[in-house]
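Enquirer: When I checked Swiss-Prot for this same protein, it listed these features:
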type	residues	note
TOPO_DOM	25-559	topological domain 'Extracellular'
DISULFID	Cys129-Cys167	disulfide bond
REGION	155-160	region 'Fusion loop'
DISULFID	Cys398-Cys441	disulfide bond
DISULFID	Cys468-Cys487	disulfide bond
DISULFID	Cys499-Cys516	disulfide bond
TRANSMEM	560-580	transmembrane segment
TOPO_DOM	581-604	topological domain 'Cytoplasmic'
TRANSMEM	605-625	transmembrane segment
TRANSMEM	626-646	transmembrane segment
TOPO_DOM	647-653	topological domain 'Cytoplasmic'
Amino acid sequence: MKRVGNCWKASVAAFFLLMFTAFAAADTTSVDTVSYKSNSEFFDGEVLQAGYVSNFATDKINVHLGASEIESKTGATAEEDLTLSVSHQNTYARYPLQETGLKKIYGWEGMKKTFDTKDQLWNWVTSNCADFTEGGVAIGDRTSKVEAAAKSWYDYWTGSYNYQAFCLRKNGYYGDVADIGSPDEIFRTEWRLQAGDKNPQTAIITNGDGGSGVVSNLGRYAKVKWQGNLDTGQNPPLVDDELAIHGNNYEGGWRVISEQRYDNYWNYIKNDGNRLLDKWKSGDYSESYIEGLLNGKAENAQKRYSESPLANAEVLDSSFQSGALKADMDSRLAYPEFNVYVDAGENGYITVSKPVGKPKIVSSSGASFGELSSGRISVDVKNVGGAEGSFSARAGSCSQYFQADALQNTKRVAPGETASYSFRVTFTSTSMQQASYTGRCSITVEDTGSGREVSTSVSVEATQQSECTQGKEIVKQKNGNDVIYSCPDGLKIQKQDTCTGELKAVFVNNDIQYDCREEGTGGGSGGGLFGKRFTLPITGTQLSNPLNAFENIWSGDANALNWLQVFVTFIAFLGGFALVGVKLGKIVDGLATEFIPVKDSHVRLVIGLLGGGMIATAVYQLVTDPLGLLVTVLGLVVMGYLYLSASAPEINL
């Protein structure tokens with residue numbers, strides 16, 4: 001746009017809502033409303049909208065919109081007057097002609113012939129006779145797809161049978177038949193637009209020309225768009241008992257015929273055709289009588305339907321594929337709406353200008369926040385224009401992972417004043433690792449009066465929190481070894497164990513926890529007093545740590561399997577304590593009394609604790625594996641039996 005003083009040159013669009021009726025010839029000379037808006041769908045810049053709603057009858061529009069009237073109603077300055085006239089209306093109904101598979105109207109010819117054999121009769125009938133019932137007829141033991149009558153007699157002179165056939169064949173046709181579709185009301189008006197003493201812009205506007213009838217060029221600098229519902233107050237003639245027949249011998253290629261006479265024609269042939277052939281065969285009717293009867297029906301069916309309101313309709317399209325008829329209507333248009341858009345830019349047709357607000361971004365700020373929270377970005381906007389501005393701010397696109405609120409914020413800002421706008425920004429990432437992300441978000445500010453826009457971008461930064469499933473473990477490869485990580489709180493992962501040597505991470509505890517084991521083994525737990533595994537001194541053998549199950553219970557992470565493992569291990573400890581303390585305690589007891597001054601109960605206690613611990617550890621290695629659990633239960637039964645056997649008192653009789 002070109003700046004003129006403190007104003008902006010712009011486009012101007014005049015919007016006229018027109019109403020027509022058929023009962024008077026008064027001219028419309030003024031508009032009811034005039035407003036000044038931004039932009040149009042056809043030209044850049046501002047829009048001058050003039051609306052007219054008539055409350056009286058009129059068949060002609062002759063509007064004069066003076067420069068002073070434009071200024072008084074909008075505050076904008078126009079350098080020329082604007083006039084618009086609409087006249088010379090023509091209204092009609094357009095009826096499309098549609099091919100729907102209707103049969104043609106045929107003429108008919110009777111045929112008969114005598115044959116020596118049935119085969120000769122059959123061949124002649126199937127090659128020459130017409131099918132008018134879509135049923136066929138039986139000839140001997142065969143059924144034809146055509147209609148015919150036949151008779152036979154014995155010729156004593158030749159000593160053989162003779163055969164005679166009677167049938168009808170089509171003898172030309174009058175034309176193809178089409179349905180008449182629902183009508184479209186078409187209007188045609190002449191438009192003339194002029195700014196000052198410049199060359200007028202003219203156009204013919206009609207809703208019957210498809211796209212060009214909806215939006216037409218009104219010269220080089222203006223466009224006219226019809227957008228209302230056409231209503232004349234009169235319905236077009238109804239199509240009730242009409243069809244159309246197409247042929248070169250009809251004026252314009254089409255003729256309107258009666259649907260009832262057409263149906264009577266075909267119903268008579270289908271229902272009475274075979275009866276007529278039988279009458280001919282029996283000698284009751286002659287060939288000429290039947291031909292005259294059928295062709296009379298055909299002639300009547302193709303006659304012009306003079307009683308129809310479309311009998312004298314003008315042919316708009318003579319082709320069979322897209323035929324159309326035109327019926328003139330006497331009434332005038334009522335309530336059509338028209339938009340007139342006039343270019344008033346730097347090189348436009350009319351010049352209009354108006355002081356407007358002018359936004360300028362004087363400061364901005366970004367945001368830094370964590371993933372589970374949000375931040376706010378903001379701008380300060382100053383009105384550096386000569387009039388109050390209505391400034392609308394909106395947050396635009398952001399970098400990947402960042403989203404800004406889509407809400408638009410509008411404020412009225414006086415000249416020289418500043419307004420602040422802020423928008424909420426959030427962050428979303430699918431990453432599982434903790435990291436920082438940076439990006440930018442755009443903010444655009446528009447003066448709704450002029451359409452002028454200014455924009456900027458601000459920085460945003462967010463910290464990604466590590467994410468994981470609480471209680472679940474994962475395995476990663478590091479330096480060729482499996483490293484087990486756990487998720488204690490659902491937000492971050494931490495290192496749990498490293499599987500070295502031949503050990504690999506395998507699932508245990510219902511597939512939510514891992515353990516370092518040799519390939520091909522399952523179950524288990526490792527590291528520290530409550531680690532999942534511990535290593536035997538000297539031998540270096542790694543064993544599952546029973547105390548790990550107690551850790552799961554104390555931490556609240558135990559499941560049903562953990563409880564069962566602890567219960568079985570505890571029973572094994574009690575059984576081992578009792579068995580070793582009683583059975584082996586007696587042996588060690590004897591040795592101790594010779595070399596160690598300790599009471600028997602102390603020795604049994606120590607031996608029982610050591611034995612119970614070793615048996616409990618061995619049992620835990622088994623119960624961490626489902627198959628081992630079954631073997632362990634059987635072992636406990638055997639151990640219980642041995643315990644009872646060893647502790648049973650001897651009874652001497």
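Numbering starts at 1 and runs along the chain as displayed.
Cβ atoms here come from the backbone N, Cα and C positions, even for glycine.
Tell me about the setting of these features in this model.
Expert: DSSP assigns Cys129 (disulfide bond) to coil in the three-state reduction, placing it in neither a helix nor a strand.
With a cut-off of 8 Å between Cβ atoms, the residues of this chain six or more beyond the region 'Fusion loop' (155-160) that come close are 116.
Other Cβ atoms within 10 Å of the Cβ of Cys441 (disulfide bond) number 23 in total over all chains. Look at Cys441 (disulfide bond): DSSP puts it in a strand.
The secondary structure of Cys468 (disulfide bond), as reduced to three states from DSSP, is coil rather than helix or strand.
For Cys499 (disulfide bond), the count of additional Cβ atoms within 10 Å of its Cβ stands at 21 [all protein chains shown].
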Enquirer: C-alpha of Cys398 (disulfide bond) to C-alpha of Cys129 (disulfide bond): distance in Å?
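Expert: That separation, Cα to Cα, works out to 80 Å.
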Enquirer: Using a 10 Å radius around its CB, how many other CB atoms surround Cys516 (disulfide bond)?
Expert: 26
Enquirer: Output the one of Cys167, Cys398, Cys487 that, of all these disulfide-bonded residues, has the highest number of other Cβ atoms within 10 Å of its Cβ.
Expert: Cys167
Enquirer: Take the region 'Fusion loop' (155-160) and average the pLDDT across it for me.
Expert: 86
Enquirer: Whole-number answer please: how many Å between the C-alpha atoms of Cys468 (disulfide bond) and Cys167 (disulfide bond)?
Expert: 90
Enquirer: Quick one: give me the count of other CB atoms within 10 A of the CB of Cys129 (disulfide bond).
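Expert: 22, counting other Cβ atoms within 10 Å of Cys129 (disulfide bond).
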Enquirer: I'd like the per-state residue tally for the region 'Fusion loop' (155-160) from DSSP, helix first, then strand, then coil.
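Expert: Going by DSSP assignments, the region 'Fusion loop' (155-160) contains 0 helix, 2 strand, 4 coil.
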